[in-house]
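Below is one structure; the comments refer to it alone.
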C-alpha cells in the first residue's frame, strides 16, 4: 500500500554521518585484509627470488592483534574519506539529476533513497568525486600503507608523520605526503566510477529481478539484500579492472629509493622484471577482492539503511 506521508530527503549531515559510520565499521573490521595485501605487494629486498604468500605473512605475525596494525590511520582515512565521498557524491548526483530535469521522470528506486541517473552520469560522478576525496585523504593514505608494511616500525602516528616528512630525496617536504597520488587516483577514480555504474545497474535492474523470483512482497526486508548483493558484484568487477594500479601505488608509497626513479613507468618496469612478471601487477588481488567486496557490502548497506532510518533523521532535525 502506498504511503501518504511525504518523502523526507536526507540532508547533508545525514549523508556525512551515515557515510562516516559505514566507513569506520568496514575499515576496522576488514583491516587484516589490507595489512596482508600491503605486505604481499611490498618489495622483498632481502631475497630477490623470495615470493611471499598469505600463509607466510601470517606466520611472521607475533600476535593475533598484529593483523590490526595500522587500524588507526585506516579507520581515520576511511571514515573521513567515506563521509566526504558519500556526501559529495550524493550532492553531485542530486545536482546532475536536477540539471537534467530527471527528478520527476525517474523516481527513486524502491530499495534506495538516492537519485537515479544514466550510466554515463553515474560513471562520471563516481570518477570525479573520488578524485577530489582521494587527493584530500592522500597524506593519511601513505601513513596507513607504511603502518601496514613491516618495512617501517612506526609506534605512533607522530612517528609516522615525522618519518614520511623526513624521508627520501624530498626531505622536509610536504610532497612526501603525496607520493603515489597519480597511481592512487588512476586506481581509485576508475574504480569509483565503474563501481557506481555497476552498483546502480545491479541494484535497480539485475538483482531485484533475480530476487523477485523468491519473494514478491517483502520489499523493505529485501532492500538490504539487494544493496549488499549489488555492492559485492559491482566491487568485484571494478576491483579486477583496476588491480594493477593498486600494486603500483603500494610500491610507490613504500619505496623511497626505487631503482630507476619513483614514477609509475619505472615502478611498472620494476614489477615486471621481478620474479613473477605480469602476475606481480595482480598480487594481493584475492585479498583486495575479499576486502573490497565485504567493504562495499557493509558500507553501502549501512549507508543506505541509515539514510532510510526515520529515527536517525528525526534526531538530526
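Any Cβ shown, glycine's included, is placed from N, Cα and C.
Not measured: the values here are computed from a predicted model.
The repeat 'Solcar 1' annotation in Swiss-Prot covers 10-95 and is backed by sequence analysis.
If you look up Swiss-Prot, you'll see 117-205 marked as repeat 'Solcar 2', on the strength of sequence analysis.
For 222-309, the entry in Swiss-Prot reads repeat 'Solcar 3', with the evidence type sequence analysis. Each residue of the repeat 'Solcar 3' (222-309) gets a DSSP state, and the totals for helix, strand and coil are 72 helix, 0 strand, 16 coil.
Annotation comment: Swiss-Prot describes 16-41 (among others) as transmembrane segment.
Under the heading transmembrane segment, Swiss-Prot lists 70-96 (among others).
Counting only same-chain residues 6+ beyond the ends of the transmembrane segment (123-148), those with a CB under 8 A from a CB of the stretch are 34-35, 38-39, 69-70, 72-74, 76-77, 80-81, 84-85, 88-89, 92-93, 96, 117, 154, 157, 160-161, 163-164, 176-181, 184-185, 188-197, 250, 253-254. Residues or ranges marked as transmembrane segment by Swiss-Prot on the basis of sequence analysis: 123-148 (among others).
Taken from Swiss-Prot, the feature transmembrane segment covers 180-203 (among others). Within its own chain, the transmembrane segment (180-203) has Cβ neighbours under 8 Å at 85, 89, 109, 111-112, 116-117, 119, 122-131, 134-135, 138, 141-142, 226-227, 229-231, 233-235, 237-239, 241-242, 245-246, 248-250, 252-253, 264, 267, 296, 300, counting only residues six or more beyond its boundaries.
A Cβ distance under 8 Å defines the sequence-distant neighbours of the transmembrane segment (226-252), meaning residues of its chain 6+ beyond its ends; these are 37-38, 41-43, 111-112, 145, 179-180, 183-184, 186-188, 190-192, 194-199, 201-203, 206-208, 211, 258, 262, 264, 267-268, 270-271, 280-285, 288-289, 292-297, 299-301, 304-305. What Swiss-Prot records for 226-252 (among others) is transmembrane segment.
Residues or ranges marked as transmembrane segment by Swiss-Prot on the basis of sequence analysis: 284-302 (among others).
Helix first, then strand, then coil: DSSP counts for the repeat 'Solcar 2' (117-205) stand at 68 helix, 0 strand, 21 coil. If you look at the transmembrane segment (70-96), the same-chain residues 6 or more away from its ends with a CB under 8 A from one of its CBs are 10, 12, 15-24, 26-28, 31, 34-35, 114-115, 117, 121-122, 125-126, 128-130, 132-134, 136-137, 140-141, 143-145, 147-148, 157, 160, 192, 196, 299, 303. Secondary structure by DSSP for the repeat 'Solcar 1' (10-95): 66 helix, 0 strand, 20 coil. Mean per-residue pLDDT, taken over the repeat 'Solcar 1' (10-95), amounts to 85.
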